[in-house]
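For reference, the structure is listed below as structure tokens.
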Amino acid sequence: MAPAAASPPEVIRAAQKDEYYRGGLRSAAGGALHSLAGARKWLEWRKEVELLSDVAYFGLTTLAGYQTLGEEYVSIIQVDPSRIHVPSSLRRGVLVTLHAVLPYLLDKALLPLEQELQADPDSGRPLQGSLGPGGRGCSGARRWMRHHTATLTEQQRRALLRAVFVLRQGLACLQRLHVAWFYIHGVFYHLAKRLTGITYLRVRSLPGEDLRARVSYRLLGVISLLHLVLSMGLQLYGFRQRQRARKEWRLHRGLSHRRASLEERAVSRNPLCTLCLEERRHPTATPCGHLFCWECITAWCSSKAECPLCREKFPPQKLIYLRHYR
């Protein structure tokens, strides 16, 4: 009797188990970097550490021809489109590249480009809210991007910014659409597996699939599609609102030039952030009273919900942004 195709619950449990172990590996690697190099280096290189952790996890399992821990947990194996042979080394390599490496490359390319397009072309400083922890260093690629975006006209910048926004949001919506489609049809859970044609077969025999669970998954897929449509509408509305606010800000920019120069001189006397060791930008207070940059402390709290100085525990929503604080 030929092995049966893996059911959607088995595929989802395998993916969740893999995500659990990948998260543990990321946390351990990030903690080691933080202990050895400090908080500033951890903030600067945490994305690269996460990438290396994912590549190591899939390199020791999928690339090596073994089951991942999640696949082993539910007893399923990967097969190529023939459903007879396991995927070749090339196909597995493409799978890991699409699943782990490509999202990192897209994020590293599109996010800095969006920040440069949002930046004031006259002063070269990004607008409020567009800074990130990794955006303070000026790498060669970032300088090249800044040089070429500076030569664009205002109309070209708006058009390119709109295209970047559509691409970033489109990729996120495509991922959500793909998951909803999986709930309905139950074949490919990850987009990378659809592109490479890799599916799952069940190794051990299990009782028949519950039809009620299958109907529930299809209903969940329909609800996910409706939620996706609503989210896309809200994101488009928010983008237009931000574009309108940015246009108004630039129209009134010249009237407040003198005030801005005075504020810049005042900012230059700001104390340092203890996380990045640079001038504190957008001061934010923790419940215990310590002050940090908004970008630094939010990035810190995304992995450790505690104060970096006194280690007092608190949820991220307790952070207090100090507007107009000097």
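Each residue, glycine too, has its Cβ placed from N, Cα and C.
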| task | For ALA5 and VAL203, give whether Swiss-Prot records them on the same side of the membrane. | result | yes
| remark: Students should find that the zinc finger stretch in Swiss-Prot, chosen from 39-77, 195-233, 273-311, is 273-311
| field | Cβ contacts under 8 Å made by the transmembrane segment (148-185) with residues that lie 6+ beyond its boundaries | value | 8, 11, 106, 110-111, 113-114, 116-119, 121, 124, 191, 194, 217-218, 220-222, 224-225, 228, 231-232, 235, 239, 243
| Long-range same-chain neighbours of CYS307 (Zn(2+) 2 binding site), Cβ under 8 Å, sequence gap at least 6? | THR286, CYS288, HIS290, PHE314
| query | For the binding-site residues CYS288, CYS293, CYS296, CYS310, which one has the sparsest Cβ surroundings, going by other Cβ atoms within 10 Å? | reply | CYS310
| query | What is the Cβ neighbour count of CYS273 (Zn(2+) 1 binding site) at a 10 Å cut-off, with all protein chains included? | reply | 23
